[in-house]
Amino acid sequence: MNKLALYCRSGFEKELAAEITEKATALGVFGFARVVENSGYVIFECYQIGEADLLARKITFSQLIFARQLIVVSDLISNLSVQDRISPIIEYYRQQEKILNLKQSSDIWVETADTNEAKTLAAFCRKFTVPLRQALRKQGWLQAKNKKSGITLHIFFTQSNSCYIGYSYNNNHAEHIMGIPRLKFPAEAPSRSTLKLEEAILYFIPPNQEATRFNENKYAVDLGACPGGWTYQLVRRGVFVYAVDHGKMATSLHETGRIEHCAEDGFKFRPPKHCKIDWLVCDMVEQPRRIADLISQWLVKGWCKETIFNLKLPMKKRYFEVQQCLRQIEDKLNKQNISFQLQAKHLYHDREEITVYIRLM
């Protein structure tokens, strides 16, 4: 196995290819990315055997922006028999037992790309999972006692008779099948954008810290808040929110008593002096470098402690623009000797944008 399969949003294959190539090169691993436009995935082929596994261990998955999953895979297995797809898969894994401890495997995920064309294939994958899991367990696999240090087996179907066979490391992969969290839209939320912030909180904030980082003693500012999709996520966690927008906020949010509507320009708004702001969130539709400059100002001036914001990416050179924006923020914080934690991700509920999280340390 000398390849990586990486999933992404359809249309972002080139950005992911550039990112994985850059990360691999930084580790002294060379190869090339196979890109099919709008396919929803990238195959990165290493020149040397064993280097794909090295990348799957050494590249910190949470530091990849455009990848939804990181899997070591085989060559594409084609022409699988409709009558028996399982036997060739079992046989392939048997051939890998000398280099892959399959007794450390904890689960099997049967997946496909997240595209409109693959929706019918996704239904097949769900049905195929049960008999395949049973067959793998008969081999003594999928029984790892320590799940965190184990591996997950992956079958990535590109067609009903063609698949990549592989594995990922449980301590360095996305925790959801296909890298997609299944979130339900809350009926009382003012807009569907609420799912973007919910996913961001679930992704960036450890579950055991959420209650201490979001509660009734915390204050937040939501720039460009109207009609209140992001404000809703903060209020439901007890946070008091200064909702900044010339537009109207949802009546249901006013009724909570946990917001103050500030009908102002998000770029000109200044935090109230009578309380310290814990969180700044921002989903304004604006040039990404202008947003990066605004967020930098809030952090450098100490107006907030943590922030989650989106950078819109309508331009062609999206990965380059992301790099420039993040570097712009990092340079300003480093210049002031401010310690910080930064993560960026193209979340499932993001479209032509990425979500960035920064915490001052």
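Cβ coordinates are placed from backbone N, Cα and C, and glycine is handled just like the others.
Because the structure is a prediction, the values reported are computed rather than measured.
As annotated by Swiss-Prot, S-adenosyl-L-methionine binding site applies to SER193, CYS226, PRO227, GLY228, GLY229, ASP245, ASP265, ASP283. In the three-state DSSP scheme, CYS226 (S-adenosyl-L-methionine binding site) is classed as coil. The C-beta environment of CYS226 (S-adenosyl-L-methionine binding site), restricted to residues of the same chain at least 6 apart in sequence and closer than 8 Å, consists of ALA243, ASP245, HIS246, GLY247, LYS248, MET249.
Among the features that Swiss-Prot reports, active site, proton acceptor is placed at LYS312, with the record citing sequence analysis. Counting only residues at least six positions away in the same chain, the Cβ atoms of VAL285, GLU286, GLN287, PRO288, ILE291, GLU352, GLU353 sit under 8 Å from the Cβ of LYS312 (active site, proton acceptor).
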Please report the three-state DSSP label of LYS312 (active site, proton acceptor). strand
So if I draw a 10 Å sphere around the Cβ of ASP245 (S-adenosyl-L-methionine binding site), how many other Cβ atoms end up inside it? 22
Protein Cβ atoms within 10 Å of GLY229 (S-adenosyl-L-methionine binding site), excluding its own: 21
So how many other Cβ atoms are close to ASP265 (S-adenosyl-L-methionine binding site), meaning within 10 Å of its Cβ? 12
Expressed in angstrom and rounded to a whole number, the S-adenosyl-L-methionine site built from SER193, CYS226, PRO227, GLY228, GLY229, ASP245, ASP265, ASP283 spans a maximum Cα-Cα distance of 20
